[in-house]
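For reference, the structure discussed in these notes is given below.
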């Protein structure tokens, strides 16, 4: 069962919550959802898992962008509630009809909700059955082909009725080929029963809604009708399939298998894609899609005058089809700026989700609206959510009487040591004493390189030569720094590829042992798709192998070689999106002072150019 | 005139539409002008603060004197122009206030720059109950606000609203003031900028060389104790009415 269903505005005012369920949620799943999912441009996802001590919920949501409403359903993670999507859609439909911006109390929605839930439950039950039936089709077609007809039919009957188990199906298998006609008959009968049941549940909901809107009611009725039709169609389908399959009965068996293949495939895909939605929804969706398509075509025929008129008066609500071309163009643009494809895709999805159903203002083109929404989204992604004021953190560490530890990690050859020297230079310019720990005990010349930097910057170097355990070297270095009252310890590590497990383990160990204040991932601005893999694997390893209960992934990013990339600044976006960590510095040249902060606005400008 | 119009229409529909478009743009221009004229008399009060400090609740408390079902983290600003709920029954013409409640999530903070030019006063919400764990992020945000060139130059008054004071374990206003001043003092020292940073245009608040005090700010920074939940927001209303004269 649902734990909670909430309706709130994007502004954050709860308009309606299900009082009846009334279970107090443990922790604050809703706020977590908003903060770590919806505001991170991940609203294209299908669901969100909330884990806190004593509570684990799955959250699903849907937006009403035109009115700025958010609908969130919360349920226990171990439950597989198939009707949630549908319930949310129904609640959205009905609530949007009664919503008005100045009204804030919707207690009269309780009754409607109760009906909707009942309806959704009934449908969910039916869907479950259909899913089972689909599975049956697969079983039947792959196992015993001659019995397929019978099995399929019975499967769907049973499934739709949702009463008998799968077990009976197998028992009846042998009987099936003796009297297939009887089975078909039974199927027809049972169909009638379930249809009746469904429509009656529709009818139940009607009296309540009369209070709101008569025309909507009619629609609902029509929909209910359609739905049952859809169910019927769905049930007839297997029969057709059977007929099709039976035709080549005399033909070689291989050909027959091929016939069933496409059918199975589509079923499969549907189940996987919509995650628990059954074909019933699918057909309904398709119908409504068709309607939408028709609606779109109709004005197109009216010619350019009406389109001019439309652009003056503002368009109707944005639909998916309107957004697709603009989204594609934008995604391509992001990718030419070197944003990883996966990331570009996800961000576009999220932006599309935030635009669906919105009305465009006068003189706004879809592309410009999309661009604007994208600009906002990028600003939200790139704006750091925690302070990136290292100096202050250093100060407070100093007040506690301990050195502030920064560990530099990254793959080979991205410029860890050089960046470390630049950071040391910057810290020194703020009158902080720096100790450099040479924990790259692997690459020849690494220690000497740091020694040269240390000499030039007149900072202390802590080194124990090569072939030592880097974790130990770092620990000793920190201990020394505490004794000698150094303010900051910069730990250089050996470069490693993200797939090299032993080395990644060693790195995790170093971080576990020394518990640095800041783990800085050094990445090249030159990388494209690889950036995602690098960062996510580093992040994952560090989090997985973390010894403490508090996971300690990467805290910040230092992007090097930024002067070499011209306008291909996409790596910055990819990295921030993947890790959620802010970009703390940019390396943009060869000399010590070539270290900058990220200018978010100029990056966004470049990305959208 | 009408004849000309007609001839054009029959000759070329495109011309007709250009005329229409021209007219509409003219209208738009006029409306923009009117809007910009009206904007000169600022009546906007901006509510700021960390997530969960009670900004949205205060917004609805001021507008409707009701908390409804509660609030969740805001994703977009709430804004409205209204008479404070306590003034609705008053007779006579009262100037309505434009109140903007900005989301507290750090990623949404850049929104402030859009609203600041119109602002006449700032309400900065602080959670007095959960103050100590958040003191640094609170101070950081407050520093950001106090160092905005617009705030300093226009001497925008800031009211620090200590919320949730109905709770027994809530910290006192004095304690919060001292802690915040201490943190802001630290921030003044460390808040330096690297080249190319967004925060380049900050003005250091307070007097250089002296420990930071709110009283040193060029703009008026005051503190007040409230409890939005119980509706104890009288002093906030007084502040608003000091800035936006009825």
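Just so it is clear, glycine is given a Cβ too, placed from its N, Cα and C backbone atoms.
Positions annotated as transmembrane segment by TrEMBL: B:14-35. As annotated by TrEMBL, GTP binding site applies to B:49, B:50, B:51, B:52, B:53, B:54, B:55, B:56, B:104, B:163, B:164, B:165, B:166. Residues annotated as Mg(2+) binding site in TrEMBL: B:56.
Residues near residue B:164 (GTP binding site) in space but far in sequence (CB under 8 A, at least 6 apart, same chain), listed by position: B:54, B:127, B:128, B:129, B:130, B:170, B:227, B:228, B:229. In sequence order, B:227, B:229, B:230, B:232 make up the list of same-chain residues 6 or more apart from residue B:166 (GTP binding site) whose Cβ falls under 8 Å from its Cβ. Checking the binding-site residues B:51, B:104, B:164, B:166 against chain A with a Cβ-Cβ cut-off under 8 Å leaves B:51.
The binding-site residues examined here are B:51, B:53, B:56; by Cβ neighbour count within 10 Å, the least packed of them is B:51. On its own chain, residue B:55 (GTP binding site) has B:47, B:48, B:49, B:74, B:101, B:102, B:104, B:125 as residues at least 6 apart in sequence with a Cβ closer than 8 Å to its own Cβ.
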